[in-house]
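Have a look at the structure below before the remarks.
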Amino acid sequence: MSNEILTPHEMAEADRLAIAAGPFSGIQLMCNAGAAVAAEVLRRWPAAIRAHVLCGPGNNGGDGYVVARLLADVGVRVTVWAEGRPKAGSDAAQAAAECPIEAQPISGFHPEGGDIVVDALYGAGLSKPLSPSAVAAIVKCRKAKIPVVAVDLPSGISGETGHPVGDEAFRAALTVTFVRKKPGHLLLPGREACGEILVADIGIGAEIIAAVGPKCFENGPVLWQSRYPMPAADTHKYRRGHVGVFSGGPSSTGAARLAAFAAARAGVGAVTVLSPGNTLATNAAHLTSIMLRRVDDIDAARAFISDRKPSALVLGPGFGVGEPLRELALVVLETAGAEVSLVLDADGITSFHDAPASLFIAAGAKGAAGLVLTPHEGEFGRLFPDIARDAALSKLEKARKAAARSHGVVIYKGPDTVIASPDGRAAINANGTPLLATAGSGDVLSGIVAALLAQGMPAFEAACAAVWMHAEAARRFGPGLIAEDLPLALCPVLRELLG
Ligand SMILES: NC(=O)C1=CN([C@@H]2O[C@H](COP(=O)(O)OP(=O)(O)OC[C@H]3O[C@@H](n4cnc5c(N)ncnc54)[C@H](O)[C@@H]3O)[C@@H](O)[C@H]2O)[C@@H](O)CC1
Ligand SMILES: Nc1ncnc2c1ncn2[C@@H]1O[C@H](COP(=O)(O)OP(=O)(O)O)[C@@H](O)[C@H]1O
Ligand SMILES: [K+]
């Protein structure tokens, strides 16, 4: 599996283990890295005549000196602009010594149209905002509108968080990174600063990565396809799971129906909309294959759970914020049993704004129903205000802390959705599209999650699969998408997944 994401710290550990295990020394790994970047520059810009290589004082700069040497070897006119000099005796110092081009101070850097810039100032070791001369280099590249190829990461972007460390960072057309992606390549705004991302193999094998033991992955079928529920030939509808969706009051029934339709399309055998008496007629007018049951209070909800044995419930979309929702959620968590899952979305999250601990305690109790939370940024801040406020944490770390605290799988939504499990595993989703920023698309996502849970998929995998399928459906449908389109738009995605 090569979908692991390494934090900069894990990458440094992989580097250490690889050098200790051989066959490559540090300088050889650096040469492999520089060669991968130079090859990509030549492949994409074969007609480039002039290249500027910006080299920092650390190993990122070391990679840059290798790139400069290799490009010069094949006849490109290369200028090297340095900020600081590598420490004597370091691999980077050796790479600089082997580079035949005399480095000039970065303040003199002056690119022109048609040139290529290789940004090898800072990578994993970026520890403070860029210097004024590095910032000036960024402005010159922007003005000259020339392509920047970033070595490992665009300088200025944190590999850990994807945020700029200061006010400025390079914007690359192409980023060539090594071994595996880092969180900063996938979390925003880092992902946008990287341009196209290429992961080069520099000779650090899968066994080294396994020894480092990363617990974060790029979301995609490789991560969860083996756990995807395939309908068996002798199945029947209740074996394919049963999802119950709680409907809101007269003015907000649509959200529950969106979740219900999505659950049905995502392969669950039966779906029931649980509707207060005053919305039965409205829901009935819009439902055909989806069942409808009157549920006005907690007792009616309990009766549904014990009579009809749903395997997953969706609570929150359009339901209304307040005590009735809190009570219902806690009853489900405390009494439905560990084989049942609760997807708490939208109003389901906001309702616990003033009492998050009651939710977390109920979800963490022995025998509790499984919990999946699907907050967007605003909802995340309501449930986990201290985590949300902590500017030192990446979105990945925030989602992880939230999952550990809540005892639930957390889908922290947005353009760079992060899925985190209480056991420490996490995934970053990168196939999202702004077309999903449309009312009701989150309701559809909770229906898909519930459908996969109800079919027996483990919670982390179900959440990851749902997020990926939801985004994939939206991308394939294209412009004009509204939430009502999404359930049907799942079909081509499912056709490929189910083969
Ligand atoms: N880990 C690995 O397996 C490999 C790493 N390689 C390269 O090594 C890089 C990491 O190297 P380093 O750890 O030396 O880190 P960097 O080269 O990113 O930067 C480290 C140096 O820059 C200084 N510094 C950090 N931010 C600064 C700023 N804003 N202004 C001025 N100085 C600043 C630090 O004090 C340190 O001296 C990776 O990004 C990659 O390009 C490659 O050589 C291939 C192998
Ligand atoms: N710019 C974007 N790029 C990618 N995905 C997005 C973007 N904006 C929103 N989304 C996704 O769309 C969905 C919106 O959910 P939510 O905010 O709960 O909306 P609603 O409450 O209207 O259903 C989430 O899955 C979110 O990740
Ligand atoms: K860089």
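From the backbone N, Cα and C atoms, a Cβ is placed for every residue, glycine too.
The candidate list GLY440, GLY442, GLY447 contains one residue that TrEMBL assigns to the AMP site with LYS413, GLY414, PRO415, ASP416, THR417, namely GLY442. Of the residues ASP15, ASP115, ASP119, ASP201, TrEMBL places ASP119 in the same K(+) site as ASN60, SER155.
The residues near the K(+) site, meaning same-chain residues not in ASN60, ASP119, SER155 whose C-beta sits within 8 angstroms of the mean position of the site's C-beta atoms, are LEU54, GLY56, GLY61, GLY64, ALA120, LEU121, TYR122, GLY123, ALA150, VAL151, ASP152, LEU153, PRO154, PHE170, in sequence order. In the structure shown, across all protein chains, GLY62 is the one of the binding-site residues GLY62, GLY414, PRO415, GLY442 with the greatest number of other Cβ atoms within 10 Å. Comparing the binding-site residues ASP119, ASP152, ASP416 on other C-beta atoms within 10 angstroms of each C-beta gives the minimum for ASP416. All protein chains included, SER127 ((6S)-NADPHX binding site) registers 9 other Cβ atoms within 10 Å of its own Cβ. The subset of binding-site residues (LYS413, GLY414, ASP416, THR417) lying with their Cα within 10 Å of the Cα of HIS376 ((6S)-NADPHX binding site) consists of LYS413, GLY414, THR417, given in sequence order. Here ASP416 (AMP binding site) is positioned 26 angstrom away from ASN60 (K(+) binding site), judged by their C-alpha atoms. The binding-site residues near ligand 2, defined by a Cβ under 6 Å from one of its atoms, are PRO415, THR417, chosen from ASP119, ALA124, SER127, SER155, PRO415, THR417.
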